[in-house]
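Below you'll find the structure, written out as structure tokens, and then a few comments.
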Amino acid sequence: MELINKEQVSKKLSGRLMVNKVMKFIFLLCTLVGLVVLATLLIDTILDGWRYLTVDFFTNFSSSRPDNAGIRGAIIGTLWLMATTAPIAIILSVGTALYLEEYAPKNKLVDFVKINISNLAGVPSVVFGLLGLTLFVRMAGLGNSVLAAALTMSLMILPVIVVASQEAIRSVPGSIREASIGMGATKWQTITRIILPASIPGIITGIILALSRAIGETAPLVIIGIPTILLFTPTGVLDTFSALPMQIFSWVKLPNPEFQSITAAAILVLLFILFLMNSVAIYIRNKYSKRF
Amino acid sequence: MTLAKVKEETDMNTVYDTAVDSRTQEMNSIKQTSNAIFQAKDFNLWYGNNHALQDINLDFNENEISAIIGPSGCGKSTFIKSLNRMVELVPIVRTEGDIVYRDQSIFDKSSTVENLRTKVGMVFQKPNPFPKSIYDNVAYGARVHGIRNKKVLDQVVEKSLKGAAIWEEVKDRLNDNAYGLSGGQQQRICIARALAIEPDVILMDEPTSALDPISTTKVEDLMHELKKDYSIIIVTHNMQQAARISDRTAFFYQGYVVEYDKTNVIFDKPKDQRTEDYVSGRFG
């Protein structure tokens, strides 16, 4: 007695193959929707903005006259912001990740903290802007300085780097950890000599992706009151500054249609920097990724 | 360097003494003398509520290979990891009783766990080299203990690799990543790495279970060589291996030591029925 009717099976085969093909097309369509929209956006921006990508555009400050408008203040301000944010964010978040993964006792409170760090990554940037305004601009009296903005940005990207670092640290196999400890190495020696070298690709990837989020973030800067038209560049972390996304945000509001194209040019610069940072992240990930 | 030499000479004397000792001792059956390196005294261990080791009393001798056999889950790995306190990496572990290493309790607050692990090296079940070069793997222990002199490190690496019988195979590619080696070679690198800190005792937790027969033979031959200078305690799943290489064998079952005796006694005329059943392959 056969439980499977071979004839029935072969009859249904063509139907199954059909569904298989249809599903493939549906998923292809889903992918195309995203791709086409993004490509249109990019091409439109390039067509609109490429004419303004001149040397003057990079060396001039912002101006109310479209011909003179440039991004010197914005781009240098962005570099200042990143250069200040990066060390603060890296030290705080890698330190947090190391503590949580290596030192913290295993209990409910620590688990609770770990879960909430991931949740923190989903908090809107506006909220971080408000926190920065209250804490750093007002209470600490830093004003709308590079440092106040950098501290706000650091807080915002902290959970992203912490989570990425935690995952990188966790992916270091317990066996080589044990090997190190089994030879009388202290925890700190094991961390610096074994765990960090093995997890650094993942950590750096996380850092770069987080920084590339910070570089394009506008809302916190708006909230803590970063100026848009500034005719000087900062000379220290306590000076005020402007940044690329802020410049884009202010230009796009102007009625003069020529500014739309200038905005597009500034967007291209920002996109290029983002593209560069992501490429570095991918390069590092591929070059140093290790198989255990 | 001079210190190491002095240590070596004293070790040689001890070897001689032990040889004399063990001859008289053999007549007195397994009556223990002071040449025990490790003594477990009423040692109990719990993982949470699971009583994994119960009233363990065992003495391990110097310059012998002591094997621990038993079916899966009998506590043999837990026990060997207790000897260098690696078991404490599991947060829910609780112990009672004592383990004495050379007349000092390993739980004694006056000595650190790092110090214990420097003297009691460990080779693990799966080869676990660091993702570093062969040289850096072997030099790791020495570096961790503060040796930076390149000449000394070179000597340590060469001596340890020779000691682990893998020098000839890797001497021309010391800077290659250890991951490029075969499993058997990796395990001997791990043994070399353990030898490099000049331990007194080497614990081996099923060191050949992930290796093919040829590599296993090499590691077993190596253990015979190492026995001259080190005391070895090995956990093994493989009874033939225990019979081939060890001087004494402890049979663990469900967290107890059922029987501990000279290896030939355990395998030829065990006193306990369970031991006999296990070594004759009726269960396990």
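Positions of Cβ are set from backbone N, Cα and C atoms, glycine also.
What TrEMBL records for this protein:
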DOMAIN    A:75-280  domain 'ABC transmembrane type-1'
TRANSMEM  A:21-43  transmembrane segment
TRANSMEM  A:74-100  transmembrane segment
TRANSMEM  A:120-140  transmembrane segment
TRANSMEM  A:146-169  transmembrane segment
TRANSMEM  A:190-215  transmembrane segment
TRANSMEM  A:221-241  transmembrane segment
TRANSMEM  A:262-284  transmembrane segment
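With respect to Cβ pairs under 8 Å, the transmembrane segment (A:74-100) is most closely packed against A:190-215, considering the stretches A:21-43, A:120-140, A:190-215, A:262-284.
For the transmembrane segment (A:21-43), the residues of the chain that approach it from at least six positions outside its boundaries are 271, judged by C-beta separation under 8 angstroms. Long-range contacts of the transmembrane segment (A:262-284) within the same chain, counting only residues at least 6 positions beyond its ends with a Cβ under 8 Å from a Cβ of the stretch, are 42, 44-46, 48-53, 57, 66, 69, 71, 74-75, 78, 201, 204-205, 208-209, 211-212, 215-216, 244-245, 247-248, 251-252.
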